[in-house]
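What follows is a set of notes on a single structure, which appears directly below.
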Amino acid sequence: MEEVLETMQLENMHCDVCEGTTFQEREGFYYCVECGTQKDQIRAVDITAEDNFDDTAAGRYTARTIRQKKDTEKEDEDDITSWEFYNYVLRGFLQELLNMGAKPELKLMTLQVWAAYLDSMEVAFSKSNKTGLPKLNVRALPIDARIIYNHKTFKKGKKGKKSTLTGDPNDERAKFRLWNRTKRNLDASGYRSHGGASESEGEQSLHLQWSMRARKSLKRHMPLKHLDKHSRDSKGSMSCHSLRPRVKQLHNFDRNIYCLNIIKLYVVLGIALNMVEDDIQLSDLLRFIDEEHLTKRCMLNYLPGNVAAKGKALLKDMELSKMKDKVTNKLLRVNIACMSRFINLSEYQKPNLHSLAERYILELALPPRLLKYVNSLLDLHPPTFFNAMTVHPYPRYEARTMAYILYAMKLLFGLDDLKERNISESAAKINEKLLEVGGDEAPLLFVFTEWMEFVEMRKVIVSHYNQSFARRFGVSTRTGCQVDDILAKEWKEKEQGETFGWMQGSAAMKRQHENLTHIIETMLKDHFGESSKESMEKEHIEFQPSLTPAHSYFNRILLQVSRSDGAKMKITIPDHMKVDHSARNLDPFVLETTELSQYLSQHGLKLRVEELACQEDIQNVGIFRPLTIIRGDGREYRANTEIKTETWISELKRKEKRPDFRFTQPTGTYGARYLKRITMRDARRVQLEINNPFWDVTETPSFLLKLNDNEIPLDSLSSLQTFEEGTMDPLNIPLDLPRRNLEKILNPEGSDRASDQVASDINDEPPSPETLLLQVSNFDCWLLHGYMKRIRRHDKHELRQLFPCSFRWLLETCASTIGIVWEELYEELLIVEVMYHHSIRDWSNHRNYLCIQHNTQEKDIRTLARTYKELW
């Protein structure tokens, strides 16, 4: 009769060949039922107790199953270094960007930038590395030293005395447990040592190799000879020095370059996007990171299956818990500048500012006519983005483009809390008349105040469904919306994490988590009638990545509301939010009133245009500047120990404190001697430009018009011959003679009869049509200039209070649109305004050349212009 063997299923154990989970025990070993393969990691051990412990049969003989550790060789096969880990993650991020619509050339450019970075780090692609092994850098991870050089780290022992047996020394149960544990350890040690090779035979450690920068950094803490001893210490027995200096002990450049983390991947992608001139700019990359389209939550999905199976242990080895996932615009630009300098990048590629301005105008829901006006400003004097103050700075392309849009809105509407209101009121009245005579198809004018209400309400609506959008624009949302956003991310992370099982933990923790979740879900179901997942899915809208988030997200919400299931949504869209302000007419505000006047004349209306100037009561505060504290080196301080408290306090009150932020009037002038010197330099510069054969400045050609078989230069014609009298628009064909009779009158009687005839004609004319008044800007605006460098938080608050409310709102809205603070955008606006208002010498002669003025006696204005000229 054959022996019937019992089968059993071991927890968290499976066959290495067929992945089976059912095993049979034969002579102390376990074999898979499906394929018959022996499981080496487990073994049955018989434990027999002595007679003095227990007289029962169960006490004399016990069968147990012990688990052996996996072979270290198999574990090392699945281990990867930090460079390999981030290489997989970088490939995953790159694929995400390609799915979002990035150029295919981004793949090759990312590889080139990443290879250049690893080459400079002496990790790979290095010709000077003869051994071919990657060299360790500053703050190298222990897993890299263990995998590459088989180097073990020194682990400090626990403080305190060793644990000893406590309680009654004659306790039989304690003695039995001690004997049982010793027996198991002996059996396990014999099983491990059977047939195994010794450590000295199978494992050979190599000396640690450090990069040049790492040796220079570690040399501050120990001599190089002592560092070599640490490099030869394969078992990590030396505990005198740490081979990982603290972060605060490193220089700023070492921290930003040699400490490999997830931010370096964002930097590599940012440089590659700029090199291929992709539509995705740095601000878009930051928004994708903030919206978690690129996040470390999905890192394990980018790794191979055998590597990702380690889960939390792998993330712990990479020390990802100590790294920040979100980055700011300033931090990323600083890291890009450092890496560009590190890999010897020649220069950045300037993106197409015209297409960038078109995208931002669409995002702000502004009319396309504004794009034509902004493009004319860009073409008038194109920016070079050359910064002569710092090395390898990443230019603010997005901020400069947005500054041009802000400057154009400032010219068209004034933004002084009075001019834009008057312009909007006159445009709103004309729109009411246009709706009466033309209906819904009438060409309505752009109203600035209505557009402000639309943009502000759009912020609130989109923020209700997107918490990242709410944080960027500073919109406060309900706690329920924030909880739903957290739950959506947790559910998404759980779905991705369950593939590898790294989030489940132990069985007890899993059961505890399931029980708590079930209790809370039951309470929510009883109280609110729906679970948390049902509530989240009802109000949750999944937004796809977009380069115009506000425009795309709002249209997505409108589409959801228009559907049949949109009635379940708690939010209500007002009717005025369905108005397309980008389709409004902006031509009359740039003095192109021909089409509007013709349309009104067809309906018996007349248009009168009135230009508005800036406010007269604008405060003249001057130029603002932060004061730097100059500390003298040769100062001597003496303490007066005999002074009384009252005397000391009175002296402090009498002492005048110098402010750190002030406004000064531009009244400074140069001395006669220095002014003569700069005048001579300017004359010498002009003479050199004239004598330079490569300096070709041609005058604007004069156009000839043929009138009555005579060729007449266009510049010689008067305005009465080339422009219309009513609107001063250029004529298609110039007049031969002015329409007004300017000859001298020789017959006074004839003149009297002519005047009587004109009077009779006026009396016979029908009554004058209704006149509509349209107020526009005279293209003059207020200026508040100064120096934004090294300005403090309190100074920014003081400066912000001087801005008009409308300008302050538009400044912060435009800054939040591209993900920066308002100070950076205002600094770019100052660069544009100072160039156009103070630096260009003669606008009337700009057809020949644009010359930055050098010989001016206004010292403060010249200093301001020269400072911002270096940033143009």
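Each residue, glycine too, has its Cβ placed from N, Cα and C.
For reference, Swiss-Prot has these:
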ZN_FING   6-40  zinc finger
BINDING   Cys15, Cys18, Cys32, Cys35  Zn(2+) binding site
REGION    41-72  region 'B-reader'
REGION    85-312  region 'N-terminal cyclin fold'
REGION    187-206  region 'Disordered'
Cβ-Cβ neighbours of Cys35 (Zn(2+) binding site) (radius 10 Å): 12
Cβ neighbour count within 10 Å of Cys18 (Zn(2+) binding site): 13
Three-class DSSP secondary structure - Cys32 (Zn(2+) binding site): strand
Close in space, distant in sequence - Cys15 (Zn(2+) binding site), Cβ under 8 Å, 6 or more apart: Thr21, Phe23, Cys32, Glu34, Cys35, Thr37, Lys39
Cβ neighbour count (within 10 Å, all chains shown) around Cys32 (Zn(2+) binding site): 20
